[in-house]
Amino acid sequence: MSVAFSDTNSDLPNSSANGGKQSGLGTTGPPGTGDEWCTPPRVLLVEDDAICRKLSGKLLSIFGCTFDVAQDGLAAVKAVNSGQYDVVLMDIVMPRMDGVSAASQIRQFNTWTPIVPVTSNISEDDRLTY
């Protein structure tokens with residue numbers, strides 16, 4: 001059985017590829033909390049896998065975030081250099097430039113934006129590296 005997913009991000013309700021528009025969620029914080037964002041958090045989602053991008057994008061939309069997508073570390077460095085983000089969600093294992101190298105390059109010109117590693121690598125050595 002296979003499931004077809006679009007490799008574009010225009011079908012993600014809150015991605016900049018869709019004009020940053022959300023479908024029906026407004027600018028609320030996490031569902032059921034009663035909290036409201038003054039400004040929806042702007043997230044850079046860095047993920048090379050299409051299925052993970054789609055799932056992560058849907059979760060970010062549910063939580064009222066606006067987001068841009070970069071598909072590898074090089075694109076992430078360029079995006080952070082040209083835009084402002086409240087947080088970067090960074091995959092670790094990617095083509096062209098891995099997440100650790102991208103985070104290191106980003107830190108050369110941006111020391112304030114949190115970079116959160118997102119990976120399935122769970123060894124103790126991996127945790128210490130990130």
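Backbone N, Cα and C define each Cβ position, glycine as well.
What TrEMBL says about a protein is an automatic prediction, not a curated fact.
Listed in TrEMBL for this protein:
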- 1-20: compositional bias 'Polar residues' (COMPBIAS)
- 21-32: compositional bias 'Gly residues' (COMPBIAS)
- 42-130: domain 'Response regulatory' (DOMAIN)
- ASP91: 4-aspartylphosphate (MOD_RES)
- 1-39: region 'Disordered' (REGION)
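In sequence order, VAL46, GLU47, ASP48, ASP49, CYS52, GLY99, VAL118, THR119 make up the list of same-chain residues 6 or more apart from the residue listed as '4-aspartylphosphate' whose Cβ falls under 8 Å from its Cβ. Residue counts for the domain 'Response regulatory' (42-130) under DSSP (helix as H, G, I; strand as E, B; rest coil) come to 38 helix, 19 strand, 32 coil.
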